[in-house]
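**Student:** The following feature annotations were taken from TrEMBL:
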type: DOMAIN; residues: 29-286; note: domain 'Glycosyl hydrolase family 36 N-terminal'
type: BINDING; residues: Trp200, Asp367, Asp368, Arg444, Lys477, Trp478, Asp479, Met480, Asn481, Cys527, Asp549; note: substrate binding site
type: ACT_SITE; residues: Asp479; note: active site, nucleophile
type: ACT_SITE; residues: Asp549; note: active site, proton donor
type: DOMAIN; residues: 649-738; note: domain 'Glycosyl hydrolase family 36 C-terminal'
Amino acid sequence: MNIFVNEENKQFHLTNGKISYIFNVLKNGSLGHLYFGKSIKNRDDFSHFLRTDIPTAASCHFFQDDPAYSLETVNHEYPVYGKGDFRDAAIELETKDGRIGNGYVFKDYKISHGKPKFNGLPATYANEKEASTITVQLVDESTHTNLYLSYTIFQHYPVITRSVALENVGTDDVYIKKIMSSSIDFPDSDYKMIHLAGTWSRERHIEAHDLRPGVQSIASIRGASSHHHNPFIALKRKTATEHENEVYGFNFVYSSNFLAQVEVDHYEVARVMVGIHPHQFRWKLAANECFQAPEVVMVYSEKGLNGMSQSFHDLYRNHLISEPWKTVERPILINNWEATYFDFDEEKLVRIAESARELGIELFVLDDGWFGKRNDDTSSLGDWYADEEKLPKGLPSLAKKVNDLGMQFGLWFEPEMINPNSQLYQSHSEWVVGRREEHLTFGRNQLVLDFSREEVVQYLFEKMRDIIIKTQLSYIKWDMNRNITDAFSVALKIDQQGEFFHRYILGVYALYEKLTTEFPNVLFESCAGGGGRFDPGMFYYAPQAWASDNTDAVERLKIQYGTSLVYPIYSIGSHVSASPNHQTLRATSLEMRANTAYFGTFGYELNPLELNEEERSIIKDQIRLYTTHRSLIRDGDFYRLLSPFEQNETAWMIVSKDKKEALVGYYKVLTTPNSKKQQILSLKGLDDDVLYTIEETKQSFCGDELMYRGLPLSIEFNGVNSNKAERGGDYQSVVYFLKGK
Ligand code: GLA
């Protein structure tokens with residue numbers, strides 16, 4: 001890993017043998033982008049990477065009348081508007097005297113080992129041996145602001161992280177209207193843009209389309225990263241596949257409003273920008289203040305989408321989630337939500353816990369409905385004390401009973417929310433987001449608490465802290481069930497209302513920070529009406545997230561497959577629920593449901609008291625299987641084999657880093673009797689020379705056979721006309737464990 005600097009021609013080359021990232025100081029003093037891609041050897045001069053064949057066009061504007069130099073045709077690192085580049089700029093300021101800036105000019109740079117910590121914002125981290133960081137200082141004398149562009153290169157990964165800070169060195173206030181965290185100009189646009197789109201119950205479905213001239217973007221202005229667009233885009237070469245050729249991935253370490261856009265210009269340059277959405281954003285930067293924008297993770301892959309995913313997974317497992325959760329195995333949990341909804345009391349819960357414990361489940365999670373007087377979703381959010389009717393002996397009594405069974409105890413909270421029908425609202429209605437005298441918009445009968453206010457965050461911290469201590473809590477499911485409307489804080493001055501969304505999420509991060517610092521061993525699972533805030537910002541604090549309220553095994557194939565594009569398998573909360581499924585009413589076997597849920601952080605979301613003996617015995621086996629392979633699922637390399645977005649079948653596998661073990665999941669949604677083709681599944685990531693035995697069938701195959709010829713699937717998947725078939729009908733699946741010798 002190295003950062004080469006050529007002082008003479010001011011070129012900077014970050015490389016680690018896997019990737020190179022090169023930029024330079026341009027003639028006008030701003031930074032030019034020269035290269036991002038597969039590693040190339042360092043040399044004295046890369047200025048030939050700069051585009052010089054300026055097309056003759058009446059519309060070109062030349063810097064200092066030099067016909068060989070136009071800001072419209074060079075590739076930029078951090079473009080500004082107003083000097084001859086007419087594409088979208090990365091930054092936009094508003095100053096007292098109406099100046100928009102003269103452009104940022106290189107001043108200095110600093111290289112440090114490791115990665116400086118961000119204050120109050122989640123970000124990847126690394127020690128001195130694991131990464132190096134260069135921060136380039138640029139100045140704009142017209143607006144009296146300094147811009148700091150930071151780039152970190154990680155030693156072991158084809159990854160660069162970027163972030164931006166802006167400092168006001170003048171005497172007047174400056175307003176930031178836009179500050180993107182990264183911008184890169186790719187020299188051509190021969191890519192497909194990949195992203196993850198959806199909505200509640202249908203999160204993170206893969207979308208792909210060719211880049212076309214003009215701006216194409218995904219965004220959220222909901223106050224959460226959202227169910228609708230994950231803060232991720234990739235540019236995939238049109239020739240790239242799941243496993244081959246070039247892909248660039250961008251993921252924003254942020255949980256609120258974002259914009260990820262690609263602008264293809266008239267010379268087919270593709271400008272990729274990621275940052276806080278400028279919509280409604282206006283940050284007042286007083287003299288001597290500095291604004292830190294969140295981080296963007298940029299991955300280069302020469303091994304297709306799957307290669308990109310593996311880099312994200314490795315980076316997040318090792319450099320994003322907090323220390324204890326890198327190695328601790330997450331407990332298999334039971335969550336009472338779909339078992340009881342709001343209808344429970346202590347006795348019922350204890351019976352569920354007892355029954356779950358007998359099955360081998362390790363953590364009992366009490367979901368919504370335990371606080372205030374909450375029998376439906378119309379009341380009590382904000383009243384974080386036990387519902388006396390349901391839990392007359394209080395939470396500590398229940399927690400103790402659960403602990404006495406040898407189980408951990410976990411609780412659901414929705415700290416950011418308030419119901420008008422609550423005691424908290426009676427005492428602190430001024431804490432809600434919005435102007436109360438106006439007609440506020442409701443979502444799930446609730447309003448949002450103003451987390452931009454420190455006293456609100458502190459209040460929630462004290463309430464949650466108290467419960468954590470009194471119940472010796474092991475786990476918290478932190479939910480967030482509506483987006484933000486009426487964005488306005490009574491605590492902010494009028495000229496600072498544009499800061500609301502960012503200050504709100506800083507408040508959320510602050511509460512996470514306080515809780516995880518004081519209770520590093522409490523496991524947090526983030527949730528936002530299912531997967532509405534499934535982003536790396538959250539993973540910094542909560543190493544797993546509830547992927548979707550849709551627990552249907554068939555629907556989950558797409559949701560989990562899409563999610564795996566960016567996020568490690570062990571971060572994807574996935575549970576076995578009842579059949580017929582509560583969201584789709586589809587009936588699937590217990591086997592199908594578990595075979596899907598194994599590829600995540602595993603749990604159950606059903607009433608174990610309603611299971612018959614046969615089902616209980618199957619579940620015991622499932623728990624044994626997951627427990628046995630938990631560390632493989634946590635640490636292994638994930639390979640997507642067959643996409644549910646392209647066919648009736650889905651397949652994926654996890655291979656241990658030493659290639660000695662693998663877990664393969666194969667799923668066939670609809671049966672296809674007497675199929676034309678032989679049912680063979682080509683595996684990936686194995687060792688050519690290792691002999692693998694399939695635990696379930698006792699067959700042995702060499703790694704090369706399994707990868708190049710394929711694993712023969714059993715006749716069961718060839719339809720109902722086989723009298724040998726043990727499985728028949730739709731929604732069939734199998735999970736194989738491969739052990740190498
Ligand atoms: C959200 C969550 C669910 C459940 C309910 C409880 O929808 O995603 O898992 O916790 O809230 O109200």
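Using the three backbone atoms N, Cα and C, a Cβ is placed for every residue, glycine included.
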**Student:** Filter the binding-site residues Trp200, Asp479, Asp549 down to those with CB closer than 6 A to an atom of ligand 1; keep them in sequence order.
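**Tutor:** Asp479, Asp549, by Cβ distance under 6 Å.
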**Student:** Measuring Cα to Cα across Trp200, Asp367, Asp368, Arg444, Lys477, Trp478, Asp479, Met480, Asn481, Cys527, Asp549, which the record gives as the substrate binders, how far apart are the two most distant ones in Å?
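**Tutor:** Site span for substrate, by Cα atoms: 19 Å.
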**Student:** Would you count the other CB atoms within 10 A of the CB of Asn481 (substrate binding site), including those on all shown protein chains?
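**Tutor:** Taking all protein chains shown, Asn481 (substrate binding site) has 21 Cβ neighbours within 10 Å.
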**Student:** Any same-chain residues 6+ apart from Trp200 (substrate binding site) with CB under 8 Å of its CB? Would you list them in sequence order, or say none?
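**Tutor:** Spatial neighbours, sequence-distant, of Trp200 (substrate binding site): His227, Gly529, Gly530, Gly532, Asp549.
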**Student:** Measuring CB to CB from Asp368 (substrate binding site), give everything in the same chain under 8 Å that is also at least six residues away in sequence.
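**Tutor:** Once residues fewer than 6 apart are set aside, Asp368 (substrate binding site) is near Trp337, Phe342, Arg374, Asp377, Trp412, Glu414, Asp479.
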**Student:** What is the Cβ neighbour count of Asp479 (substrate binding site) at a 10 Å cut-off, with all protein chains included?
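**Tutor:** 23, counting other Cβ atoms within 10 Å of Asp479 (substrate binding site).
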**Student:** Given the binding-site residues Lys477, Asp549, which one is most crowded in terms of C-beta atoms within 10 angstroms?
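**Tutor:** The largest 10 Å Cβ neighbour count belongs to Lys477.
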**Student:** Tell me, by DSSP, whether Lys477 (substrate binding site) is helix, strand or coil?
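**Tutor:** DSSP assigns Lys477 (substrate binding site) to strand.
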**Student:** What does DSSP say about Asp368 (substrate binding site): helix, strand or coil?
**Tutor:** coil
